[in-house]
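Contents: one structure, followed by commentary.
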Amino acid sequence: MISTESVLESGDQPCIRLEPLKNTQLPGKATPTGGSRTAFVDGSPKVTANGVHDIEDRILRITGYYGYNPGYSSHRREDGSESHAETPGSETSSESRSYQTCTNAALKVLGGLLVVLCVSSSWVGTTQVVKLTFQSFSCPFFISWFSSNWNILFFPIYYSGHVATTREKQTPIQKFRECSKLFGEDGMTLKLFVKRTAPFSILWTLTNYLYLLALKKLTATDVSALYCCHKAFVFLLSWIVLKDRFMGVRIVAAIMAITGIVMMAYADGFHGDSFVGVALAVGSASTSALYKVLFKMFLGSANLGEVAHFLSTMGFFNLIFISCVPLILYFTKVEHWGSLSSLPWGYLCGLAGLWLVFNILVHVGVVLTYPILISIGTLLSVPGNAAVDVLKHEVIFSVVRLAATCIICLGFLLLLLPEEWDSVTLRFLATIADKKSEEHGEELTESSVHTRSRSRANGTVSIPLA
């Protein structure tokens with residue numbers, strides 16, 4: 001209850017003292033347990049269990065204090081001010097973290113774009129140098145074998161970069177043994193060397209050899225476009241062999257790739273060099289897809305050092321065991337060349353170097369940036385080769401070939417969609433719709449307030465109709 005006290009003997013002004021209610025229990029109602037009550041010590045109110053000052057809250061509620069919410073007294077407001085004082089530091093730290101995250105993402109994207117340009121340029125350069133080499137040296141298997149031998153340099157290049165970028169110092173033999181755990185806990189043995197390396201080396205050689213044979217029959221643009229179909233073959237093999245998730249959009253992309261292949265073969269009437277070239281290019285894409293699926297099955301968890309070790313091991317296998325094949329082709333006059341001094345070593349070394357750079361960028365770029373950017377770099381080789389063919393070789397593309405190339409490239413882009421692309425798209429569209437509705441609601445509110453202010457200024461009153 002509220003009561004007045006007598007004037008203090010010291011002459012101070014009279015004051016009103018607030019006392020707690022003696023009994024707040026309603027008749028016939030039990031006292032709730034765990035409720036909040038105000039405790040008084042020395043005549044001063046104390047904070048209850050839930051931090052609410054009942055007396056002050058009642059006064060604020062009776063007087064109709066503007067902006068009052070039950071349970072928010074002056075002490076609660078002071079606490080809020082103290083917590084608000086601590087907010088700027090936390091906001092600064094969160095802003096710095098978000099800024100650092102955005103900076104890292106931006107640098108990763110910029111680095112990825114640079115890698116994309118390098119991947120596309122190296123692949124276009126490789127394809128065009130092959131066409132130039134064929135003008136003076138038409139031995140595709142020898143070129144493939146010679147270029148594959150350069151994979152031996154993969155691990156030395158990786159070790160040089162590892163020593164330059166890390167403080168950990170290991171000898172090349174120690175690092176080689178560490179990366180050889182890819183073959184098992186006991187390291188690399190002769191049996192594992194042949195068992196693990198032989199299938200991949202054969203697929204690697206077949207992919208390159210069929211690609212070079214296709215370049216003898218078709219233009220660089222057609223071969224690079226048909227080679228992009230390997231992405232669809234990887235999806236189909238992964239779905240069948242690795243039991244990957246089924247995605248309808250990727251099935252559509254695979255159908256588009258097959259459609260583009262048929263249209264490319266139909267461009268010259270299913271006969272002649274064009275049909276053979278299409279078959280060779282599709283064979284190269286198929287062996288490349290099989291290589292990638294088997295690599296993912298057996299060596300999918302390999303890091304960059306282990307991949308470099310494996311590629312160098314394939315280079316050694318190619319040099320030791322596949323060297324007999326060029327000799328057989330030479331003596332059987334299938335691929336005959338003159339003396340070693342007459343070989344176009346400039347073109348051969350340039351071609352092998354570009355092929356090595358392309359493989360390094362593909363494997364290193366996946367670690368340094370987003371894998372999708374590497375795939376886009378491979379796709380951009382199609383318009384790059386088309387530009388070179390048109391400007392330098394004056395190639396005229398038929399409408400059917402252009403349509404087939406566009407269909408294959410579109411299917412390639414569909415294969416790059418992530419697995420959760422549908423849910424992400426729906427959430428994005430829902431967010432845009434919510435923002436538009438909020439903006440529309442704010443515009444309506446502002447227009448209604450403006451209308452009311454104008455009506456009040458003009459002395460008019462709007463009466464709602466019944």
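Each Cβ is built from the backbone N, Cα and C atoms, and glycine gets one as well.
No curator has checked TrEMBL annotations; they are predicted automatically.
From a predicted model like this one, the values you see are computed outputs, not experimental measurements.
Noted in TrEMBL for the protein shown:
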| type | residues | note |
| --- | --- | --- |
| REGION | 74-97 | region 'Disordered' |
| COMPBIAS | 75-85 | compositional bias 'Basic and acidic residues' |
| TRANSMEM | 105-125 | transmembrane segment |
| DOMAIN | 112-265 | domain 'EamA' |
| TRANSMEM | 137-159 | transmembrane segment |
| TRANSMEM | 193-212 | transmembrane segment |
| TRANSMEM | 224-242 | transmembrane segment |
| TRANSMEM | 248-267 | transmembrane segment |
| TRANSMEM | 274-295 | transmembrane segment |
| TRANSMEM | 307-331 | transmembrane segment |
| TRANSMEM | 343-362 | transmembrane segment |
| TRANSMEM | 368-388 | transmembrane segment |
| TRANSMEM | 395-417 | transmembrane segment |
| REGION | 441-466 | region 'Disordered' |
| COMPBIAS | 446-466 | compositional bias 'Polar residues' |
Between the transmembrane segment (137-159) and the transmembrane segment (274-295), do 3 or more CB pairs sit under 8 angstroms, pairs being 6 or more residues apart?
no
Contact set of the transmembrane segment (248-267) with the rest of its chain, CB cutoff 8 A exclusive, min separation 6+ beyond the ends, reads 222, 225-226, 228-229, 231-232, 235-236, 274-275, 278-279, 282, 398, 400-401, 403-405, 407-408, 410-412, 414-415, 417, 421
Maximum Cβ pairs under 8 Å to the transmembrane segment (105-125) among 193-212, 224-242, 343-362, 395-417 is reached by 343-362
Are the transmembrane segment (193-212) and the transmembrane segment (307-331) close, by which I mean at least 3 Cβ pairs under 8 Å that are 6+ residues apart in sequence?
yes
In the same chain, residues at least 6 away from the ends of the transmembrane segment (137-159) whose Cβ sits under 8 Å of its Cβ atoms read 130, 172, 175-176, 179, 201, 204-205, 208-209, 212-213, 216, 304-305, 308-309, 311-312, 314-316, 318-319, 322-323, 325-326, 329, 335-337, 343-344, 347-348, 351-353, 355-356, 359-360
Lying 6 or more residues past either end of the transmembrane segment (395-417) yet within Cβ distance under 8 Å of it, the residues of that chain are 219, 221-222, 225-226, 228-229, 231-232, 235, 247, 249-250, 252-257, 259-261, 263-264, 266-267, 372, 375-376, 379, 382, 386, 389
Per the Cβ under 8 Å criterion, with at least 6 residues separating them from its ends, the transmembrane segment (307-331) contacts 139, 141-142, 145, 148-159, 176, 179-180, 182, 188, 193-194, 197-198, 200-201, 204-205, 299, 337, 359, 363
